[in-house]
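Reading through the structure tokens given below for one structure.
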Amino acid sequence: MSEGDSVGDSVHGKPSVVYRFFTRLGQIYQSWLDKSTPHTAVRWVVTLGLSFIYMIRVYLLQGWYIVTYALGIYHLNLFIAFLSPKVDPSLMEDSDDGPSLPTKQNEEFRPFIRRLPEFKFWHAATKGILVAMVCTFFEAFNVPVFWPILVMYFIMLFCITMKRQIKHMIKYRYIPFTHGKRTYKGKEDAGKAFAS
């Protein structure tokens, strides 16, 4: 293999201009993502704003309903992964039918670890909206369809999926919206005298 045959190398062994450009672009993008990580509320407000702009665009153009339906299903899939635990509790159960000895205390604190963390959920949802927005600029993605049917399909799919997810939460007793272990406060200072 000669010097210039490796990926991204020019004839003289240095990275090509195109390779350096895209590497630098990737570094800038990652830097912006890193800076936005602690600003959860701002990130979601921007995503909701993009979603609102997308909905207005689809409403005004009166088309691209298939793209919108696909975006809705993609967001539903992300949301279910966000609500699901990283390790499925149904896989951790013993398959034995007989009695077994307890191995854990019932009150043991187990933090909820998501299958899809919040930042990755936000990032994927935002990218999905941007891709759908780009699709609305191409007539090839404007497939004629009777949109009320898609709305009904999406509502049915949402209800069935969420019902299954809620049953799973109840069965395995986990709540995906806890922020940590509960702390209990003692009684208020009982030594205070009553005002008479």
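From the backbone N, Cα and C atoms, a Cβ is placed for every residue, glycine too.
Per Swiss-Prot, N-acetylserine is recorded for Ser2, and the stated evidence type is similarity to another entry.
Taken from Swiss-Prot, the feature phosphoserine applies to Ser2 (among others).
According to Swiss-Prot, the phosphoserine annotation covers Ser6 (among others).
Feature annotation from Swiss-Prot assigns phosphoserine to Ser10 (among others); the stated evidence is similarity to another entry.
Summarising the annotation, Swiss-Prot assigns transmembrane segment to 41-61 (among others). Sequence-remote contacts of a segment are chain residues at least 6 beyond its ends whose Cβ falls under 8 Å from one of its Cβ atoms, and for the transmembrane segment (41-61) they are 67-68, 71, 122, 125-126, 129-130, 132-133, 136.
Here Swiss-Prot flags 63-83 (among others) as transmembrane segment, drawing on sequence analysis.
Residues annotated as phosphoserine in Swiss-Prot: Ser95 (among others).
The transmembrane segment annotation in Swiss-Prot covers 140-160 (among others) and rests on sequence analysis. Here the transmembrane segment (140-160) has long-range neighbours at 63-69, 72-73, 76, meaning same-chain residues at least 6 beyond its ends whose C-beta is under 8 angstroms from one of its own.
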